[in-house]
């Protein structure tokens, strides 16, 4: 059963039309995670619309189309098992808020598959996603050179694309020699579950084998305790029960904890998971817990719980490294968008633009730039408009990443480099 296997969050990244959805659909179908009757139904529908090649992509259909056709695919179907792990596919880019989801919280990916279409090679979005995944701390990567059927399974073309992608990976500190580059056709299923006879020249692993040889993510249980609060309930006879997912550290019954930025604290009376009381909670556990002396007004979404002797850091201001993904004009000092970090959403002001970086190499390109635009990477000083918990990414990576949102879109992604505490 899945619970006995280590769990991995897998991001599937790459340019919008390079076949990510078909790739994920095929992976899940071949791994037995999608009932055959659903696929048959899609094949039939796709055929009628003259879009036969979309059968697998339809498995991963975006919400809008699902609603139009009155079908929904439960998120549970985005899980699949291999011999070694059970995987959850976290949102593919292109899905709404991918970047925000990737940065904040539950969908923190442990590894990524980069899908690059053989006919097109590297596109702008390919670069952006590689850089972003690096910024977000993903350090295990598998490259699928997809749509090989469209280039007649040409080894020469495969080598050209490997060359292109390796160049970018090197620039941002990945070692191409440690990364499998797998020629695939998600539509035909080549080199997904097993090696294909259409690519006799390819000697590496198929996708499944590459997934099985990923390294299990280390549980950050030795780090200080941090539990971002998702919500707080009042339960009669018990009192106030905050709920959230343990990001780092271990919490035991009887521990003295504190909720920041508010500062209310007390002793842990009980911890519950899946409606059962447990003696301690470890990273990844979704729990409800009750703290003696904590009232309804002492704790809210966005607070972070930690041990009283090592409380979460509350920033008066902090220095962040950001990548600007999109902005209609330019960003200057004084800009005050909403920052999403763990479960908090707080307006923060960019009080200084310190350095502009070369997004490919991380080298300083310009000191004290006057503005930033889409595609720029920078070091900036940020002042939250109200108290906010954030941690340097080197100390507690799970609480060091953030997304910047404005005008209904993700403007930038970033990580906290240092905190000046209140």
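Sequential numbering from 1, following the chain as shown.
Using the three backbone atoms N, Cα and C, a Cβ is placed for every residue, glycine included.
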From 6-13, 14-21, the residue range that Swiss-Prot assigns the feature region 'G1':
14-21
Given ranges 87-90, 91-94, 95-98, the stretch to which Swiss-Prot attaches the annotation region 'G3':
91-94
If Swiss-Prot is the reference, give me the range from 60-64, 65-69, 70-74 marked as region 'G2'.
70-74
Pick from 146-149, 150-153, 154-157, 158-161: which range does Swiss-Prot record as region 'G4'?
146-149
Would you mind giving the whole-number mean pLDDT across the region 'G3' (91-94)?
54
Return the count of C-beta atoms lying within 10 angstroms of the C-beta of residue 20 (GTP binding site), excluding that atom itself.
28
Between residue 14 (GTP binding site) and residue 21 (Mg(2+) binding site), what is the CA-CA distance rounded to a whole number of Å?
11
